[in-house]
Amino acid sequence: MLISISLATLPILAFSWASFIEPNWLRTTAIPWRLPKKHAHLHGLRIAQISDLHFHKRVPEKFLNKVSKSIKNFSPDLIVFCGDLLCRARLEDKERLETFLNTLEAPLGVFAILGNHDYSSYISRNTKGEITCIPEEKSRPIQRAIIAVMQGLFSSPSYRYDPNLTPQEPHPDLLKLLKNTPLTLLHNTTHVIPNTLNIVGLGDLFARQFHPEQAFKNYDPSLPGLLLSHNPDGITRLQQYPGDFVLSGHSHGPQVTLSWPKFARKFFERLSGLENPYLARGYFVTKEGKQLYVNRGLGGLKRIRFCSPPEICYITCSYD
């Protein structure tokens with residue numbers, strides 16, 4: 001009898017944890033960035049990476065304060081945001097969002113790129129599995145989620161675009177808001193910090209705005225390169241370009257996952273919708289030597305997380 005009651009309460013406890021505890025359980029990850037000795041002057045440079053805020057009215061103020069306090073305590077030289085400030089291309093409660101963004105300060109600057117939620121339309125997969133604009137009235141999130149599960153298990157993970165999808169423009173109201181904050185938007189461009197490093201910001205893959213041939217025009221090959229690509233699949237399209245460390249988000253970990261057993265982890269990775277599902281979270285090094293860190297992000301379409309708490313990544317440079 002007691003065993004039956006215990007088993008019956010497990011789903012309730014798991015749902016409560018995933019809905020109310022873990023989405024607010026902010027974690028930090030420390031990553032070293034080892035540079036050649038010729039860049040020894042960058043030893044100790046500190047970078048904070050955040051991603052996927054998906055800001056909306058229901059994001060708790062207490063959580064935003066946690067993020068701000070953690071970053072302030074780390075005292076970074078540089079802050080980067082890897083896309084998806086907005087949720088479904090909606091700018092809600094913009095005064096509160098602006099207030100939060102104005103808490104992000106760093107001596108070398110705060111830089112941001114756009115994600116698939118940050119353009120004039122929300123871009124994701126439709127019920128046919130094609131990447132396209134998703135009108136709010138036709139969002140059908142439950143139906144699309146079920147179809148995504150089926151496609152993730154039985155279909156090729158390669159991206160299929162709606163043939164009518166044209167390159168999307170950045171969200172105009174978001175651009176206006178960013179001008180009132182410390183954030184510098186990098187959209188297919190490179191910002192060179194003299195005698196320090198290149199920061200390359202790519203447009204989003206889903207938005208058909210990923211243009212590295214344009215982004216690297218101003219790149220200084222004598223300096224290390226930090227590359228910002230919202231979608232981690234971007235790294236497969238960057239191998240012929242310079243740069244040492246790629247920072248991404250997009251997949252959220254995924255938000256609900258299991259790290260064990262292995263087949264369960266593989267199952268949830270497929271549900272991330274990536275072309276390369278193994279890139280759903282964590283640190284990687286390509287055979288060409290590029291490093292990649294995929295951040296689990298801060299938020300999501302729904303504030304539900306299980307075995308994938310929200311994250312800030314702290315990177316410290318050193319030399320070999």
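The count begins at 1 with the first shown residue.
The backbone N, Cα and C atoms fix where each Cβ goes, glycine too.
As written in Swiss-Prot, here are the features:
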TRANSMEM  1-21  transmembrane segment
BINDING   Asp52, His54, Asp84, His252  divalent metal cation 1 binding site
BINDING   Asp84, Asn116, His250  divalent metal cation 2 binding site
What other residues of this chain sit with their CB within 8 A of the center of the CB atoms of Asp84, Asn116, His250, the recorded divalent metal cation 2 site? Asp52, Gly83, Gly115, His117, Asp118, Asp204, Phe206, His230, Asn231, Gly249
Should one count Cβ atoms within 10 Å of each candidate's Cβ, the binding-site residues His54, His250 would be headed by His250
Of His54, Asp84, His252, which binding-site residues are close to Asn116 (divalent metal cation 2 binding site), meaning a Cα within 10 Å of its Cα? Asp84
Excluding Asp52, His54, Asp84, His252 themselves, the divalent metal cation 1 site's Cβ centre has within 8 Å the residues Ser51, Leu53, Gly83, Cys87, Gly115, His117, Gly249, His250, Gly297, Leu298, Gly299, Gly300, Leu301
